[in-house]
Every structure is written in C-alpha cells, then in structure tokens.
Amino acid sequence: MHPQQLVVSWFSLVLLASPIVAMWELEKNVYVVELDWYPDAPGETVVLTCDTPEEDGITWTSDQSSEVLGSGKTLTIQVKEFGDAGQYTCHKGGEALSRSLLLLHKKEDGIWSTDILKDQKEPKAKSFLKCEAKDYSGHFTCWWLTAISTDLKFSVKSSRGSSDPRGVTCGAALLSAEKVSLEHREYNKYTVECQEGSACPAAEESLLIEVVVEAVHKLKYENYTSSFFIRDIIKPDPPKNLQLRPLKNSRQVEVSWEYPDTWSTPHSYFSLTFCVQVQGKNKREKKLFMDQTSAKVTCHKDANVRVQARDRYYSSFWSEWASVSCS
C-alpha cells in the first residue's frame, strides 16, 4: 500500500473510533445534550468529570434518582430522554464537590424542536421572534410569545455579521404586563431592548443583524434566530401634536401634526410620508397620502381624524394611528 493511502486509511479509522459527542456548555456547569428524538433512539454517551483534585472515594448521584449512580472521578451515562437529564453531583465523605446540569435539545426528522415559543405566523410561517425599530439609531426591540408561565428562562445574544459578535448589546428579557390573544388562547409576552454600539444611521447596511434567543423550560433547551436589516424593521412612532383648525367659509378643517420625537434627524434627510383618514362611527373615508404635515379634510360630527406615518424613501411599516376628535 502506498504510504499516502496508509495515512488516509489510518486517519479514517481514528475518525470512526472517535465519535463526536453532541454536548456543549451553555454556561458554567450547565450543558446541552443534542438528541435525535425518535422511538428506540440510542441517545448520546456523556462523560461527566468531577471538578476536584481528589481521585478516590468519589460517588455520583442525580436529582432524578436516589441511588448512587457510580464511583470515581468520571461518570459515563447514556442520555436518551428527559429522565436522563437533570443535575448530577459528585460527592466525597458526604460533601458535594461539584455539580453539572444537563439539558436536552431535541431534533425530530432533522428539525430542532420549537415547543417553548408560539409561532406568530406573521409576516411568514415560523415567525417566533418579532423585532421593530422606531428610527435608524441602532436601537430596536424584539418580542416573543409563550403559553408557559413557570420554570422558564431566556437569554438573548445579538451581532451584526460574524466579524463583530459584541457589536450589539441586548438587555435582559422582561415579562410584559400585556397578554396577547392569538387563536383563541392567551400568551405571555416577553420583550428585550437591543442597541448596536457603532450604528451609523445614514450608512447603507450590508451585514444583517442576527438575534438569538435561548430558551430553557425545565430541562428542555431551544434556540430561535431572527436576521434582519434595521431598515426592514422600521416602524415609526405615531405623529404627535395633532390639531384641528376650522377654515372660514368652508365645511373643511385643516388638520396638522408633527414628526414624532423618536424619529431620526435631520428630517430633511430622514423624511416621513403620511396617511390621513376621517373615521366615523360607521364609515371610513378614503385615505389621503402626502409628504407635508397638514391636510384639509371634511370633519363630520362624532368622527375622528387619524394620521399615521412611515419612511418616505423606504417601505417601512406604517406607524400606529394618532387621532383627534372632530367634535
């Protein structure tokens, strides 16, 4: 056999004899075991090591079992289901030396589980995370829904491209007081605020921002990802300071408004376009679209005039409506 062929054969043998363990560290002493989830799946062989210089007299227990699981500095276990996950502790002489928490990440038919968060199905299927920005400053808010209310933990990471993984900072996920009804069921809403450190509002974006939400429910781990440009998640705040001014010898009134305080400046560069509509009790008038901050409308008694805004040069989301009463 040619020497080069011998080296290749030996290398292949080493690969076959050294299976890759699908386990990684989520945080200190917390590990995620990735499992193919199907009937009679073999599971994953996991080796735990006691974090101690001691060598003798070490025993292992689990919070899932009252029995001693093994002895020695390492413990080898076969992880097949949630009953094999949980906290493993090594002891000596009645004293706990170190602990390791095992979480499971399920994969069924090649697809990672998405049991913890609710699919909001907008703007497309598998929309678990939604993000919005009020302007081009690099600050944005993301949120997600879940029916679960206990034993739940989230962490959020974000970056713009792989070259600067620390370029976007996200705070802690917060449970909103707002409940969201979807498909005849109520869901808890969690939000997180993020800020790009070196954002340049006027610059053309070339690298996507990526947001990753890691979710842990009891012993189940899942992660969810959303990628976007800031320009694609822009939703301005509603116009402010709506006012009506009667016009002499006319049934019409002039409605005026101002740019929202949160919108990027200068407004000559970051311009908005507006939609104006008169809304009565049983009827909505035709919408008027314009770039200026005033319009003439016929204002009926018991009706409202409402105005919304969006980016003039890029098709952002429309803002929520701001309204003023005609009466």
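Here the Cβ of each residue, glycine as well, is placed from N, Cα and C on the backbone.
Quantities reported herein were computed from a predicted structural model and do not represent experimental measurements.
According to Swiss-Prot, the disulfide bond annotation covers Cys50-Cys90. Under the DSSP three-state reduction, Cys50 (disulfide bond) is assigned to coil, being neither helix nor strand. Within 10 Å of the C-beta atom of Cys50 (disulfide bond) sit 23 other C-beta atoms, taking all shown protein chains into account.
Within the model, the domain 'Ig-like C2-type' (23-106) carries an average pLDDT of 93. Taken from Swiss-Prot, the feature domain 'Ig-like C2-type' applies to 23-106.
What Swiss-Prot records for 238-327 is domain 'Fibronectin type-III'.
The annotation N-linked glycosylation site is assigned in Swiss-Prot to Asn223. Packing around Asn223 (N-linked glycosylation site) is summarised by its Cβ count: 17 other Cβ atoms lie within 10 angstroms of its Cβ, all protein chains included.
Residues or ranges marked as signal peptide in Swiss-Prot (evidence: similarity to another entry): 1-22.
If you take the C-beta of Cys90 (disulfide bond) and look for same-chain residues 6 or more apart in sequence within under 8 angstroms, you find Leu48, Cys50, Asp51, Thr52, Ile58, Thr59, Trp60, Lys73, Leu75, Ala96, Leu97, Ser98, Arg99.
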